[in-house]
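*Asks:* Would you mind keeping the following structure in view while I ask a few things?
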Amino acid sequence: ETEFQKYQQFPEFKILNHDMTLTEFKFIWYMEYSHRMWGRVVGLAYILPAVYFWRKGWLSRPMKGCVLALCGLVCFQGLLGWYMVKSGLEEKPDSYDIPRVSQYRLAAHLGSALVLYSASLWTGLSLLLPRHKLPETHQLLRLRQFAHGTTALIFLTALSGAFVAGLDAGLVYNSFPKMGERWIPDDLLAFSPMLRNIFENPTTVQFDHRILGIASVTAIAALYLFARKIPLPRRTRMAVTSLLAVACMQVGLGISTLLLYVPTPLAATHQSGSLALLSVALWLMSELRRVPK
């Protein structure tokens, strides 16, 4: 009850949830509490083993730098989470918008989490999977560059999803492939100056996420077709095929989420799908690494 009374002082309750009951408040409170506690468990899962392995002398000099960077990043991620939540508690007397956390801070928090996850997965794959001794042909070099570019595009698409979530942009146009009756909506550049539309106009944010998603799946399909022409080890070929399969699943999830007016479980599954896609892309990059001379 004390926590509920505190919550009633904030704009989200006053404007959006003024009829919320104590039982309903308990649900969002425990969701937030669980997320914070889980974040702290993640932090300990990095820091405690790092201290143990360091003291045992099991870390090489390059690995020490890597471990320090990962532990620093997990602490930074926690600070960004606090900074993000803070933006949703601020009074904005000049604004008529629904109280919500800043989409910029939400994107920074998600982006930091993706970087932390990607760095952790890459480190793990580098340690666990032996490198293939692939012949350094021109085709392989191009495939490696293509894989790097595609992974960057997948990362950018996932990051753009934070702006979609932060602005509830998934609820603006719930049709596909067109947005309403048009391919390019009328209100795409409604905000001034023009640059604001990319990050603050829900229509533009959804449009950008669609374009990035289509570009990602097109790049993955092209990567798959190109890889088929090159003799690759079985495990690497498996990574290429898995990337295409997960991409098709992710497109299906994204379109379904849009057409069904963004039900939370489906939206969360779509977000998880972006992480699965990024994971497989990193696996493929790991498979195509150069063997050091």
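Even glycines carry a Cβ here, placed using N, Cα and C.
From a predicted model like this one, the values you see are computed outputs, not experimental measurements.
Annotation comment: TrEMBL describes 37-54, 66-85, 105-129, 150-173, 209-227, 239-262, 268-285 as transmembrane segment.
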*Asks:* Check the transmembrane segment (150-173) against each of 66-85, 105-129, 209-227, 239-262 and return whichever range has the most CB pairs under 8 Å.
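*Replies:* The stretch I would name here is 209-227.
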*Asks:* How about long-range neighbours of the transmembrane segment (105-129): same chain, 6 or more residues beyond its ends, C-beta under 8 Å?
*Replies:* 66, 69-70, 73-74, 76-77, 80-81, 83-84, 87, 155, 158-159, 161-163, 165-166, 235, 275, 278-279, 282-283, 285-287, 289
